[in-house]
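S.K.: One structure is given below, represented as structure tokens, and several questions about it will come after.
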Amino acid sequence: MLQVNAIGKIYQNGARALENVTLNVEDGEILAVVGGSGCGKSTLLRLISGLDRATTGTVSVDGVTISEPHPYIGLVFQEPRLLPWLSVAGNVGFGLDEPDTTRKAQRIGEALEKVGLSRYGARWPKELSGGQAQRAALARALVTRPRVLLLDEPFSALDAFTRAELQDHLLDLWNESRPTLVLVTHDIEEALFLADRVAVMRPHPGRIAQAFDITLPRRRDRTSPEFEAVKRDVLRSLNSTLALHKIAS
Amino acid sequence: MSATEISLPEAMDEQRSAARIPKSRLKSVWLGVLLPLLLALLWEASVRTGLTSGRLMPPPSRIITTLWNLWQSGELTTHIAATTLRVFSGFALGAIIGTLFGALTGYSLLARRLLDPSLQALRAIPSIAWVPLFILWLGIFEESKVALIAVGVFFPVYLGVSGAVLSVDRKIVEVGRIFRLSGFELVRRILLPAVLPSYIIALRSGLGLGWMFVVAAEFMGASEGLGYLLVDGQQLGKPDQILAAIITFAIIGKLSDSLLAAIAAPFLRWEDRFGREA
Ligand SMILES: Nc1ncnc2c1ncn2[C@@H]1O[C@H](COP(=O)(O)OP(=O)(O)O)[C@@H](O)[C@H]1O
Ligand SMILES: [Mg+2]
């Protein structure tokens, strides 16, 4: 279980990015975190991943306190952040600790296949489209088989078409090994399509305003009346927490 | 390092191995030599027709004859070899030290605060000002010449490396951190490849300065080398020899630069940039 215990983050410039955030995420759960920009979503993921230290509070996975990047935890950044001097396959294998080169190549091949990039392993990152690059970044995080995968607005730079496709893809991948997912997004539909639970954040200081359990059976139909109904509920609640204008923007 | 991690030419697909069209390449070479060729012809004609005497500015044919004679007698080879060896030694020395200091001050804030002010102060000294001191310390033979060239090469390399390491994108460094690279691995797998393009540029400007400084070094007194040919030509009133030496400088300077660029090119194929080399 991923436990976030009352963490807070005050940056050196005094910005109170997070205050007293507590979350428990069950193994295999998909948690979506929504909120407008600047309400501390990225900060939250950076603290969970161990890239940054929390000013107060602790993060633990299965009781192990996280204070620096940990092999249990993978992170997909908002941008692909592929290393331009490595081939796509080289990028996917970048964090893979596998001394046996044939095994390594095999695992890279599998990961590429899972994200639909089998034919692109030999390419340079500069030869990929935005969606392909984001897939490669996903494969790079997945290939190390993290127990917890953090995704920071991974699809936000993509067109609606590619985004829907990758959301489907992400569910397929999640279905295979059921890692815990924490997905940051500003797209409520994306959150409702993917998540078991949606946490809404508010800024100044960043905190969790409200959380909704989403019990609709998967694979959810974005156009079904049930989906629309849940969406309306969430939006209405958001409105009453005064966060709506932030999220809609 | 695993096979998938090396960005060697083998990793290319068909698309990339389809070479650049040689025709357009040839055309750009022709365009490049058009102007000097035209000027040379004009000068030759004006001397031949008696418009100018050509005494102080000998026509191309005389320069070529001089070059040919120097070549025939084996002198040119000796001079080129002597100068090239000096540049190469000074370049190697300056580039190695420049790389080390640049990497150190780029990577460590402490080292930067400690070393950079002094190095910047040293850089403000015109390098030629070191000549008397180097002669006193190292004598008038090879050591002082190589030292001067090394000083010339050091600064562009130092500045280039240090600046490049400092400006490596934090976002890419974080990729290394999220995969828990150790300090050394971070340098080897992230910082070094990231700075490679600017490093090559720094080396090339260092090499260029090396060729500049070798002349100064050989003016200090040398019995062979292209710089010696220049001094000798001036003292004996042989402008054709001076021009022959200058042309030789231009050719081997350009050749060494192209060689460096060509050695680097396969490692920079991944670059995604606007411009192409001529
Ligand atoms: N490195 C930093 N230094 C100072 N302030 C920061 C830094 N990163 C983020 N912040 C501030 O913290 C707040 C939360 O930022 P962030 O977590 O990036 O929000 P989000 O991802 O929700 O858009 C913002 O007000 C932002 O200005
Ligand atoms: Mg963010």
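Using N, Cα and C of the backbone, Cβ positions are placed for all residues, glycine too.
Dumping what TrEMBL says about this protein:
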type	residues	note
DOMAIN	B:80-261	domain 'ABC transmembrane type-1'
TRANSMEM	B:29-47	transmembrane segment
TRANSMEM	B:87-110	transmembrane segment
TRANSMEM	B:122-140	transmembrane segment
TRANSMEM	B:146-166	transmembrane segment
TRANSMEM	B:209-231	transmembrane segment
TRANSMEM	B:243-268	transmembrane segment
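Mind mapping these onto the model and telling me what they sit next to?
M.R.: Only residues 6 or more beyond the boundaries of the transmembrane segment (B:87-110), in the same chain, are considered here, and those with a CB under 8 A from a CB of the stretch are 116, 119, 142, 145-166, 187, 191, 195, 199, 202-203, 206-207, 210-211, 213-214, 217, 256.
Residues 147-148, 151-152, 155, 159, 213, 216, 220-221 of the same chain sit 6 or more residues outside the transmembrane segment (B:122-140) yet have a Cβ under 8 Å from a Cβ within it.
For the transmembrane segment (B:146-166), the residues of the chain that approach it from at least six positions outside its boundaries are 86-87, 89-91, 93-95, 97-99, 101-103, 105-107, 112, 116, 119, 123, 127-128, 130-131, 134, 138, 191, 194-195, 198-199, 201-203, 205-207, 209-210, 212-214, 216-217, 220, judged by C-beta separation under 8 angstroms.
Long-range neighbours of the transmembrane segment (B:243-268) within the same chain, counting only residues 6 or more positions beyond its ends whose Cβ lies under 8 Å from a Cβ of the stretch, are 7-9, 58, 63, 66-67, 70, 76, 79-80, 83-84, 87, 196-197, 200, 203-204, 207-208, 211, 215, 226-227, 229-230, 233, 277.
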S.K.: Hey, which bits of the same chain come close to the transmembrane segment (B:209-231), Cβ under 8 Å, at least six residues off its ends?
M.R.: 70, 78-80, 82-83, 86-87, 90-91, 94, 127-128, 131, 135, 140, 144-146, 148-149, 151-153, 155-156, 241-242, 244-246, 248-249, 253, 256
